[in-house]
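Notes to accompany the following structure.
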Amino acid sequence: MEFGLLGEAEARSPALSLSDAGTPHPPLPEHGCKGQEHSDSEKASASLPGGSPEDGSLKKKQRRQRTHFTSQQLQELEATFQRNRYPDMSTREEIAVWTNLTEARVRVWFKNRRAKWRKRERSQQAELCKGGFAAPLGGLVPPYEEVYPGYTYGNWPPKALAPPLAAKTFPFAFNSVNVGPLASQPVFSPPSSIAASMVPSAAAAPGTVPGPGALQGLGGAPPGLAPAAVSSGAVSCPYASAAAAAAAAASSPYVYRDPCNSSLASLRLKAKQHASFSYPAVPGPPPAANLSPCQYAVERPV
């Protein structure tokens, strides 16, 4: 029976010999067990004093030492940070000498301080965006409130209504003439009332235009007393009579007027006055005293 079993085993695996069949093979180790054996060996080699450099990398990292700054050191660092947020190498070395610190510690402190400053700026901007535009006006940071103590934000006085036109003066037109009575007239009044109220002096005194002094007196006087005040300071104008005639015709509402005839009459009057009006002659250059074109008064040195 044994030979029959061996023959079947040889038929299945011809490379198998009798000696191999007699000695059983040990079981193959699994991958997990193999890795565990390697880790145990590495731990054992790391615990030995004469370990390799690769074993040293597995050691725990050294813990960083936290630097404790004194109040004097923090005061000096903060003062320098307010002046310069990005100090160069030489400045950091000087600060290290003053504060009895290393340059690396000073550099790290400035780096952390800048990060804190940026974070604070971002938080303030986020608060302003959330609160809208009322937040910066209601509560400012202390430096701005110290610089501008007189401004009271959020407590602006209510808008006052603009004064009426009667209270305003126009210095560029009539030397600070009060235009109260003119402004008190209705805006959309009939043409007859406008002509009667605005040109009372021209209807009473044809050919005259009131001067600045007369207009000042006219400001507070009623329309009936206006001609007496205007007659004192009058300046002649060629077109005043036509305007006076038109105003006089417009001021009498009970007389029938033909618009065509009145316009033709006013145009004829304007044409006559324009023809009779002459500008003053401009004095010309003095006549030449028998001098030829080539003679000039040239002063020659003696």
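Every residue, even glycine, has its Cβ placed from backbone N, Cα and C.
Since this is a predicted model, take the numbers as computed values, not measurements.
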Quiz prompt | Selected residue, Swiss-Prot feature phosphoserine, from candidates S52, S189 | solution = S52
Quiz prompt | Listed range which Swiss-Prot flags as motif 'OAR', given the options 10-23, 108-121, 206-219, 262-275 | solution = 262-275
Quiz item: Swiss-Prot annotation phosphoserine: which of S57, S71 has it?
Solution: S57
